[in-house]
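Here TrEMBL flags B:68-118 as domain 'NADH-Ubiquinone oxidoreductase (complex I) chain 5 N-terminal'. Sequence annotations record features per position, and here TrEMBL assigns domain 'NADH:quinone oxidoreductase/Mrp antiporter transmembrane' to B:134-418. Taken from TrEMBL, the feature domain 'NADH dehydrogenase subunit 5 C-terminal' applies to B:422-601. According to TrEMBL, the feature transmembrane segment maps to B:6-27, B:39-58, B:84-105, B:117-134, B:140-160, B:172-191, B:245-263, B:362-386, B:406-432, B:453-472, B:484-502, B:586-605 (among others).
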Amino acid sequence: MLKIIIPTIMLIPLTWMSKPNMIWINTTTYGLLISLISLFYLNQPNDNTLNSSLMFFSDSLSAPLLALTTWLLPLMLMASQHHLSKEPLTRKKLYISMLILLQLFLIMTFTASELIFFYILFEATLIPTLIIITRWGNQTERLNAGLYFLFYTLMGSLPLLVALLYIHNFMGSLNFLMIQYWIQPLPNSWSNIFLWLACMMAFMVKMPLYGLHLWLPKAHVEAPIAGSMVLAAVLLKLGGYGMMRITTLLNPLTNFMAYPFMMLSLWGMIMTSSICLRQTDLKSLIAYSSVSHMALVIVAVLIQTPWSYMGATALMIAHGLTSSMLFCLANSNYERIHSRTMVLARGLQTLLPLMAAWWLLASLTNLALPPTINLIGELFVVMSSFSWSNTTIILMGINIIITALYSLYMLITTQRGKYSHHIKNIKPSFTRENALMTLHLLPLLLLSLNPKIILGPIY
Amino acid sequence: MNMFSSCMITALVILTLPIIMSSTKLYKNKLYPYYVKTATSYAFMISMIPTMMFIYSGQETIISNWHWMTIQTMKLSMSFKLDYFSMIFVPVALFVTWSIMEFSMWYMHSDPYINRFFKYLLLFLITMMVLVTANNMFQLFIGWEGVGIMSFLLIGWWYGRTDANTAALQAVLYNRIGDVGFIMTMAWFLLNLNTWDLQQIFITTNDNFNLPLLGLLLAATGKSAQFGLHPWLPSAMEGPTPVSALLHSSTMVVAGVFLLIRFHPLMEHNQTIQTLTLCLGAITTLFTAICALTQNDIKKIVAFSTSSQLGLMMVTIGINQPYLAFLHICTHAFFKAMLFMCSGSVIHSLNDEQDIRKMGGLFKVLPFTTTSLIIGSLALTGMPFLTGFYSKDLIIESANTSNTNAWALLITLVATSLTAAYSTRIMFFALLGQPRFSPMIPINENNPLLINSIKRLLIGSVFAGYIISHSITPTTIPQMTMPHYLKMTALAVTTLGFILALELNLTTQGLKFNYPSNYFKFSSLLGYYPTIMHRLTPKTSLTISQKSASMLLDSIWLENILPKSISYFQMKSSTLISNQKGLIKLYFLSFMLTMILSLLILNYHG
């Protein structure tokens, strides 16, 4: 694992020592090279794990997320060039360093083999994210958003620390690889119920579960583009990843503890997608759509069948790329119109035809058009929830309909119709932006050819 | 390895070539539409080879190549089913598309993005081919969703128009409701039969197929615009006329019926679903025929008549005659596509005028279009020995002699009669009588692109039914003997419809227009369905999502209960407990008082 971690650390000196006009191109190229290394982990020759050391390992659950994380850094760098163009050089370098630091923590989080280590890094990712949101956000509300972001996640995850200490005390180890052989079924008692809650709530808040999701739209809306991208693409997936790792410890309590959270997610996914129908704010719409998609992942993880785990993993990767792409598109609108309000950016297809093609493809992947991996994820989740209870198909069906509706509503409002006069003299779309969208779409399309590598440990 | 599968694959590969070439310079070329059209025609000719072989020897093939993935015990691979249905439908669809593409070279010639239009048409055709030839449900779903999205793009082709965008969104929405049924069926098959392969589904037995078949019925209802999910089809007429001719008459909308035909082995023993299908089809065919009676937009009339014919196909499936329904799909494709093209020709000639009240007397100025329109309408009504006759007459006969639901069959008969009535109305208002359009419009239909494309379908509308029904032996045997009056019913009700409509039109032409009656309003307002469903439902759901989901739950409850209340109580309690309240004036005042007092006391003390 050091062959990814050390190059990532070395990105920081590269940033600070590069010539002023080379900072973006150097870091982006280097980041892309690192992401190439991470692709090797997708090949899992033996069905268990690749143990790199006592501290790091990767298996087929963490490898796709790892690849996603490393893939996203160059994309974030490409996306935020315009946003930072007016900043002094030191601040640019500081910003890039923050992104690199975040990537470093994320890589280590996804590959940590020890729960406490995982926990520490999980919390450590908050710091660069918080700085990115509150320092480089666009409006004053960013401070409020940072407050929400920090407090929700911290409040959720502090009980986890206590729970982990307790588990360590009676199990003797918190190593993922060993725990799965030592694990005893938990007896059904009040204290164990609290243990379950303490373990799961940290990740439920991060996902976020409906009801605890308020921080997400705020953070997404106020964050600069790179912040939104990494939040939607990777940070939310930490929750899903953590849940899938920790549920092995919590059997058989999950069987009945899941009910209220299943209910909340199924209900919340419809609520959040119907909120999307009434959004006027483009970024907020995309953020709520993330909440709705993540609710599907929560449902899948709580059902705990092989099919649902496959669906959850596939959906996480697919949603990571799709929502990140949507945020990039929203940002390219924002850089031209200087507003997130959708009605102000109508009829852009006439002016930016290529951008309209990206919008179309992004919306189609968001509504899970076959045979994209979004569909595979959603389909597997629907299958497993159907086998869990036949009636969930009604809720899932409503959600499928509303998802299609708001995705196309977003497409039609921004791209179709007549353009308004104040956008007559906007800049054309840059090659940088087109390359950015292509780099989002390529993995999505190529993964549909061979979805097996992102289906997680049990295919 | 014989030529059967290789020719079929060649035909499909030829279709993808212009799509691949669209990334090269060729796409910038003015001749791109021509290439696309030629590719389609070649694909048609090559696909005729395996079809001939199939007609001759009756061999069916399943090609299974590229293995996609294996999930636990389920194998998913790319697999084509070249059986009766796909082998007949593919050449028909290719033939119709060929003509429509030639037609759109004329119709869309002034469009700056005509190349993209052709690419979309071709993409649509490919997804349709995927749908028709799919051998597993996943592949079928790819085609199924693909045609839906392509219809979204093609209906919203003129994206500057709000109506076009609304219609496109409406089409996707209604289709999506159907997709939920499809997904449920997939889930059920996966759960209970552990397979998505068609032949594996058919050989597995299960006691109760009600649930998956209901899902399929819902899917077909959405895609084929059956009653309840029907309004998107007339709205889709906002798209360009070639799109209406291709998608909304001959290919995409029959996909729902095609799906039910595909899954017929499961359906043929299930009385409940058959009755449901029959009733649904009967209601659709009557309701849409009634709606067609009072429409004035020529494309809307044809669209409603499509919907009505789709209902008729559903009725046929409901009376357990899937092969007849399939025959009707094939024959219907020819004359309905031609009717759309004729109306396109009329609309284009009259300077984008779609209202039949502003036409009239076109038989003088557009003789060829008039001829084709009349032949198409006659074929639609099932005039003997035209294409429609061979399927429609058989359908009505087998409906008359079957012993199922009598009122559903009666409704179908009424709808058949109404078909003749609204066809008469088009002919009477648009073609006959005195011209009512502006005399300043130069009318010219002598364009080889237009003439040839319509001519090809015209020949199809006259002979295709005969050719198809004679080369393919129907696998289910229709009723052979019946009394005279049953044999003549179809013809009699059609003739009745013609005569009545003609007489009514002639008598009422000179009359003063009274305040419309309630029956008229029911028909012209489409049964009040859009008024109710397109106002009430979206308004309620959007209000609910605004008021309850967004305002009440998100902004009030969730925000107040957790973050706001916590910070509020923290603040209150801290101010309550703390004795330092920041009241500077008071503190200074008390300080001053103490100072003064101490000064005074100290002074006087000493």
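Just so you know, glycine gets a Cβ as well, placed from its N, Cα and C.
TrEMBL entries are annotated by machine, without manual review.
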Among B:117-134, B:140-160, B:172-191, B:245-263, B:362-386, which stretch has the most Cβ pairs under 8 Å to the transmembrane segment (B:6-27)?
B:117-134
Given the transmembrane segment (B:39-58), its same-chain partners at Cβ distance under 8 Å and 6+ residues beyond its ends are 2-5, 7-8, 10-12, 14-15, 17-18, 82, 84, 87-88, 90-91, 94-95, 97-98, 101, 122, 125, 471-472
Could you check whether the transmembrane segment (B:117-134) packs against the transmembrane segment (B:245-263) - three or more CB pairs closer than 8 Å, residues at least 6 apart in sequence?
yes
Would you call the transmembrane segment (B:84-105) and the transmembrane segment (B:245-263) in contact, using three or more Cβ pairs under 8 Å, pairs 6 or more apart in sequence?
yes
For the transmembrane segment (B:245-263), the distant same-chain contacts (Cβ-Cβ under 8 Å, at least six residues beyond its ends) come to 85, 89, 93, 96-97, 100, 103, 121, 124-125, 128, 131-132, 140, 143-144, 147-148, 150-151, 154, 178, 198, 201, 213, 216-217, 219-226, 233, 236-237, 239, 277, 302-303, 306, 310, 313-314, 317, 322, 325-326, 329, 332-334, 336-337, 339-341, 344
Mean per-residue pLDDT computed across the domain 'NADH-Ubiquinone oxidoreductase (complex I) chain 5 N-terminal' (B:68-118)
92
